[in-house]
Amino acid sequence: MLLEARSHPSAASMVSTSSTPPHHHHGSLDTQEPDPNGDVQPCAPLKDSAHRNGDLTLFVAPGSPDHQQTRSLNNGDLPLCVIPGSPDHQLRGGISNGEIQLPVSPRSPEERQAMLTGQQKPLETRLYRRRFLILGVFFLYSLVNAFQWIHYSIITNIFMDFYQLSSDKIDWLSMVYMLVYVPLIFPATWMLDKKGLRVTALLGSGLNCLGAWIKCASVRPDLFGVTMFAQTVCSVAQVFILGLPSRVASVWFGPKEVSTACATAVLGNQLGTAIGFLLPPVLVPKIDNNVELTGHNISIMFYGTAAISTFLFILTVAMFKEKPKIPPSQSQAVLQDGLSEDYSYKLSILNLFRNIPFVLLLISYGILTGCFYSVSTLLNQMITFHYKGEEVNAGRIGLTLVIAGMVGSIICGLWLDYSKTYKQTTLAVYILSFIGMLVFTFTLNLGNIIVVFVTAGILGFFMTGYLPLGFEFAVEITYPESEGTSSGLLNASAQIFGILFTLAQGRLTTYYNPQAGNIFLCVWIFIGIILTAVIKSDLRRHNVNYGIANSAVKAVPVESPSEPEQSLSTSQLTTVA
């Protein structure tokens with residue numbers, strides 16, 4: 001049994017149990033250890049064990065942090081589980097006359113010695129080629145959903161003429177994506193945790209397809225309500241899409257490629273936005289006083305989108321699998337071994353909100369991503385304010401902004417996989433986004449559209465490149481909580497800030513000028529820099545994957561969802577110095 005903390009120099013897991021303070025002659029804990037012949041020999045009492053205020057502290061020999069979990073003393077029963085899911089590794093003990101006796105499971109001498117020295121064999125992991133297919137399918141239907149988000153806003157003036165409405169109403173075709181996300185993110189992440197990756201993917205792809213077909217029936221000037229309903233359906237689909245990149249990456253990809261996989265998954269959404277900036281001005285050019293021709297052009301765009309969405313939905317049904325048979329990483333293996341039917345989604349949410357570093361990231365991520373949403377929604381109005389008749393170039397500037405951001409996302413993902421410098425990279429990209437926003441703000445009105453292309457590219461490289469950084473940083477500092485829950489909350493924050501920023505910047509742009517609206521965003525980005533700078537970096541998933549015994553690795557909070565007596569939750573894992 002692994003009860004010799006002195007056998008390893010690194011930090012050990014700690015089990016704390018409340019009991020009546022023992023008498024003096026029971027103040028030490030008698031343990032057993034194997035000799036080379038496989039027999040159990042008594043060893044000296046553990047001097048590192050202590051009694052404090054009636055608490056009995058047991059030090060457990062450190063292995064990889066995922067192999068040690070805590071359990072409260074229950075009616076004189078102290079169950080300890082070394083490797084979750086492996087019955088022969090469970091050790092049970094009881095209290096007799098004030099002494100705790102822990103029998104040793106029958107093992108070979110080599111196994112027992114490995115456990116005593118913290119050298120347990122890692123759980124089995126494997127990578128499957130199917131992971132690239134899963135990532136590709138998600139990439140494509142996420143792309144189409146993002147295209148449907150922005151294809152109204154980039155030609156706002158054309159839809160204003162077609163539906164005979166003000167710009168505020170057309171802006172809501174974009175903002176409905178943000179509005180719907182906030183109340184639905186909690187049932188969506190609950191479904192991801194309870195029903196799994198495949199069901200969530202089918203809902204996202206299926207609703208995206210349905211919304212695209214409803215749009216095809218809305219191409220008449222008096223049917224704005226139908227197109228708004230269709231866009232609402234697409235926005236519901238988005239709720240089941242935006243939270244998946246980190247989950248897909250964690251469930252299917254190994255520790256050396258997980259950040260790149262997450263960045264690639266986010267890339268699909270960014271590429272869809274880029275295509276949404278590029279194609280609509282080409283497919284639906286501005287034609288004065290010809291509603292029928294404009295309606296025909298809009299129909300081409302809508303039917304093409306619906307056909308592609310249908311193909312991708314069929315592909316999702318046929319190809320998208322829940323998870324690999326054997327997990328790709330130690331962190332996933334631990335989570336799968338430690339799954340409990342008594343998992344509490346509500347308590348998981350509360351755990352995240354008690355995690356101060358995550359709350360700071362939640363706000364700072366929402367600020368920067370909300371600024372990106374606002375700039376994307378109002379880009380057409382900003383460009384045409386200073387450059388009349390440049391709708392096509394407005395789309396190309398948006399394309400430049402997002403394409404540069406896609407490059408930034410991939411570079412950041414590769415860098416994270418190489419360096420694991422999550423906080424440093426996130427803070428650096430945040431600061432550079434602020435500088436990029438300042439440059440874009442004060443060069444927009446110079447009258448040279450080439451300069452706008454360049455500054456938009458710089459802004460996009462950092463601002464859009466930040467998106468996967470936030471996802472991956474959140475997963476690291478909240479492990480072992482669900483990736484879908486943490487990324488879902490990040491996206492909810494982004495949608496809330498996106499709505500507020502779009503409304504505020506839109507008013508400032510309309511009543512003053514685009515520069516006033518952009519300065520408003522710069523102030524908020526600066527606030528986000530301060531919040532990011534004070535986030536404590538605690539790379540829990542990385543520590544588990546690489547077996548690092550780190551005194552900062554601790555589930556948040558220590559209280560975990562209630563479970564049956566024989567079940568141990570991964571969220572009860574605690575490591576202290």
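Just so you know, glycine gets a Cβ as well, placed from its N, Cα and C.
If you look up TrEMBL, you'll see 66-75 marked as compositional bias 'Polar residues'.
According to TrEMBL, the feature domain 'Major facilitator superfamily (MFS) profile' maps to 134-540. As a whole-number mean, the pLDDT of the domain 'Major facilitator superfamily (MFS) profile' (134-540) in this prediction is 87.
Annotated region 'Disordered' per TrEMBL: 1-48 (among others), in sequence order.
Summarising the annotation, TrEMBL assigns region 'Disordered' to 56-75 (among others).
The transmembrane segment feature in TrEMBL is assigned to 132-152 (among others).
Only residues 6 or more beyond the boundaries of the transmembrane segment (172-190), in the same chain, are considered here, and those with a CB under 8 A from a CB of the stretch are 149-150, 152-153, 159, 200, 227-228, 231-232, 234-236, 238-240, 242-243, 345, 349, 373, 376-377, 482, 484-485, 488-489, 491-492, 494-496, 498-499, 502-503. For 172-190 (among others), the entry in TrEMBL reads transmembrane segment.
The annotation transmembrane segment is assigned in TrEMBL to 226-246 (among others).
Residues or ranges marked as transmembrane segment in TrEMBL: 300-320 (among others).
The transmembrane segment annotation in TrEMBL covers 356-375 (among others).
Taken from TrEMBL, the feature transmembrane segment applies to 395-415 (among others).
Among the features that TrEMBL reports, transmembrane segment is placed at 427-444 (among others).
According to TrEMBL, the feature transmembrane segment maps to 450-475 (among others). Counting only same-chain residues 6+ beyond the ends of the transmembrane segment (450-475), those with a CB under 8 A from a CB of the stretch are 245-246, 250, 258-259, 262-263, 265-267, 270, 358, 361-362, 365, 368-369, 371-372, 375, 383, 387, 396-398, 400-409, 411-413, 416, 422-423, 425-426, 429-430, 432-433, 436-437, 439-440, 443-444, 483, 486-487, 490, 541.
The transmembrane segment annotation in TrEMBL covers 487-504 (among others). Residues 171, 174-175, 177-179, 181-182, 185-186, 188-189, 192, 242-247, 349, 352, 361-363, 365-367, 369-371, 373-374, 377-378, 470-471, 474-475, 517, 520-521, 524 of the same chain lie 6 or more positions beyond the ends of the transmembrane segment (487-504) yet place their CB under 8 Å from a CB of it.
Positions annotated as transmembrane segment by TrEMBL: 516-535 (among others).
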Segment-segment contact (the transmembrane segment (516-535); the transmembrane segment (356-375)) at 3 or more Cβ pairs under 8 Å:
yes
If you count CB pairs under 8 A between the transmembrane segment (300-320) and each of 132-152, 226-246, 356-375, 395-415, 427-444, the winner is 132-152
